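Comments concern the structure below.
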Amino acid sequence: MTKPVILTGDRPTGKLHIGHYVGSLKNRVLLQEQGQHQLYVFLADQQALTDHAKDPQTIVESIGNVALDYLAAGLDPAKSTIFIQSQIPELAELSMYYMNLVSLARLERNPTVKTEIAQKGFGESIPTGFLVYPIAQAADITAFKANFVPVGNDQKPMIEQTREIVRSFNHTYQTDVLVEPEGIYPENESAGRLPGLDGNAKMSKSLGNGIYLADDMDTLQKKVMSMYTDSNHIRVEDPGQIEGNMVFYYLDVFGRPEDVADIQAMKDHYQQGGLGDVKTKRYLLEILERELGPIRERRLEFAQDMGQVYEMLKKGSQVAQAVAAETLDQVKEAMGIRYF
Ligand code: TRP
């Protein structure tokens, strides 16, 4: 029996922050360890280039960094296939055929693409490659016949568009070669999108409000000590607020079941007054370090031999390419364009 396939990917545009880790990467490692699925995880460098065409260096450097983050978090090339999108030319070829099945109006309606176009300020100069990236994403997903795609909620429109392409292709060419994928979304919205240290809804490189898997102990400590808590909690004896307090938000996300009682006691004390921010932050630092310390150590170990990291990516890409080539073959066969 072949296992159901799970596929996910990330745009490599920097190191991974802990919001990405709790919202996504950690879950992939769990799925890997459960061993019920065939897992593919890839670095979507081509997709990243759709809005970084003039800055390929950022993407190139991020490949090594994100690969290190993956390995450090526990993705294991012996169990999962880890690969680089641009090294699989079959994905681009599949995209060409899918493009004929999607109208321009449909692409322009994609809500995530719409939001991104506004954010990035493309104006009248939207790169064509950017507009069609949901089609390329459908190629990523279908090339591996993914049954499940665990992604953030912002990716729902991409999964929906992929499903439409699959139905359209299978219907048009009277075939069942393409598999309709299902999205898996974070149930816990608070873990799905961890706010920044400053309380901003989004943790991001440009806002400088993130903690990274690559951060050393000192950096982690400084960042935790700088976290936004409650601007009215001035003296220790003042009653403090939990809502909007990043220390308690992070405690809820990173605390384990055995910590719940301690966290609750701390919340009660804080709300009554008499508990200072330094104490709550020290506790959070402990909780974070318990999770991030081992990851940081493994990251440093892997980083000592980048040659080996790239060798791992090369092997993963070779395995992935063989799978994608088979799907492409079936796609061409279904379309009747295999001439020889
Ligand atoms: N669009 C995803 C993101 O921005 C990355 C991605 C590209 C992806 N291709 C994919 C995710 C295929 C899942 C499946 O994070």
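The backbone N, Cα and C atoms fix where each Cβ goes, and this holds for glycine too.
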Can you say which of 167-171, 202-206, 277-281, 297-301 is given as motif ''KMSKS' region' in TrEMBL? 202-206
Arg11, Pro12, Thr13, Gly19, His20, Gly152, Asn153, Asp154, Lys202, Met203, Ser204, Lys205, Ser206 bind ATP per TrEMBL; candidate in Leu194, Leu213 listed for that same site: Leu194
Taking each of the binding-site residues Thr13, Asn153 in turn and counting other Cβ atoms within 10 Å of its Cβ, which one has the fewest? Asn153
Counting other Cβ atoms within 10 Å of each Cβ, which of the binding-site residues Arg11, His20, Lys205 scores lowest? Lys205
Neighbour count, 10 Å Cβ-Cβ cut-off, for Asp140 (L-tryptophan binding site): what number do you get? 27
Span of the ATP site, taken as the largest CA to CA distance across Arg11, Pro12, Thr13, Gly19, His20, Gly152, Asn153, Asp154, Leu194, Lys202, Met203, Ser204, Lys205, Ser206 (Å, rounded to a whole number): 21
